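Notes for the one structure printed next.
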Amino acid sequence: MFKKIFDFVYYAKKKKRAGGGAVGLSSQPQNNGAPVEGPVANKKERRVYNDGHDDDNHDYIIRSGEKFLDRYEIISLLGKGSFGQVVKARDEEEDCYVAIKIIKNKKPFLNQAQIEVRLLEMMNRADVDNKYYIVKLKRHFMWRNHLCLVFELLSYNLYDLIRNTNFKGVSLNLTRKFAAQLCTALLFLSTPDLSIIHCDLKPENILLCNPKRSAIKIVDFGSSCQLGQRIYQYIQSRFYRSPEVLLGIPYDLAIDMWSLGCILVEMHTGEPLFSGTNEVDQMNKIIEVLGMPPKHILDQAQKAHKYFDKLPGVDSYTLKKPKDAKKYRNPGGRRLHDILGVETGGPYARRLGEPGHSVSDYLKFKDLIVRMLDYDPKTRITPYYALQHNFFKRTSEEGTNTASGIAQAGLHSLGASPPFNSLPSNNPGDTNVQSSAIRLRSDQCRGRTTMDCDPPPIASMYHGYQTAPMARHHLPHHATVYPMNPASAVGTLVHCRPTSLPFLHPQHHPYQPIQSQPPRSLHSLHNHPPPPPVQQPVARVPTSHSNRTKQEQDDMIGVCIGQSPVAINIT
């Protein structure tokens, strides 16, 4: 029964994705900005259901000017998806515009949406000030047998942003701002009271709050689940699908960090890092860049036979030869170093000579991405440690900055740091933790700008939690002992995953209870994998490059979506 329901939803999504397009809560309509005039018409005549309110796809027939609950006036159709539709509406009671997600009038989609509502309400209760980059669910209601979710109205998604740079990508500075917010959001989702896995993080599901600001929010928790609860086998869009999901290995919160690593590379290069046409192609494209997965990962993979042959007698694996094997490079032959253009002025030398795009900047970015794209989810970097990475420091000489402030805030909540208001900051351009842990305020000398949706200090998320093992799992995804930032000089922290929550196996049915498994063992500082070595530079002839003017640098790449200019005033 439940398997039938889940398969119905999954294959509906798969069919919709094959047709292209993604739906978010953007204010940009799919019908080129034109309001809906009467029922949405298709090329062929459709039958109607639900007393004439639904089409034969069980979607609500949208009519411009119609009012829901005598409160929400429908303005335009923003988009359609496997789940239903999203419309722009005017809330006459609050005098504002909203996005209403109208779920299909089918039981499987209703059940799925009810899970999304529950998770959104949990997140919104934990974020009453709306500061952790998660979309705000204002309310929900039933309308003519359709569940309707009312959201704040946001702007363009990050795929729109990439597309309107002609797929050349955004600057490293803007990528950094997005990365800081997304890591903060993942850190928030990993708090003990939430432990939520998004399961479908991609550029289409990350929306700008304002077309002229770099603030973003994560949307679409329709595929999400809590650690240890309903687990789906078919998760994550293919380009951003983690190795453990591809290989059939039990997965957890770390799959979202893999997706984030892929997203950040795409934001800067303008192209997906791993653009497989199917799962076999996807795995081969990952191996082209990262090399072969470690043996201990393949040993636990239930689907290893799909991609690899196990060599008899030598206890090792070799990559299967697909029919079109010639199109693939040798494992590790397509280096991330070259994809990012670390020593050649960025991707295709497009950033050559631009401030903030030095070899040092790119080495930091590459190192962070390598840690996000660790094959092993146990050692993959967590949001907590990602926010301490040098990529979020302007220069190596700068003292405690935004990222280390977050680390200090985490220490303070565990009683291991000086008073919160005494945390030092040697960089006047960086915001003190007292004002915000991720608030990248205006720094005109570096071309930075104020972000919307500024969060409070991360310590507020941890306040009141004890240091017992079961209460520390919100800091990293994996158990490890790390030294803190040298600037903090406060020793080490021991973190581990929750012992009360089971790990998730993709074979478990979404409605099937999961048996708890023992927690993963702690890794000491001595056996934690060392930082990846810096690869030697490879000479590369720069491709076409035109010098950008100061105005172009200040106004970011000229972005125009639906003939509406989007100027993000940061480099």
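Cβ atoms are placed via backbone N, Cα and C, with glycine included.
Feature region 'Disordered', per TrEMBL, maps to range 19-42 of the set 19-42, 331-354, 379-402. Mean model confidence for the domain 'Protein kinase' (72-392) is a pLDDT of 96. The local packing around Lys101 (ATP binding site), expressed as other Cβ atoms within 10 Å of its Cβ over all shown chains, amounts to 28.
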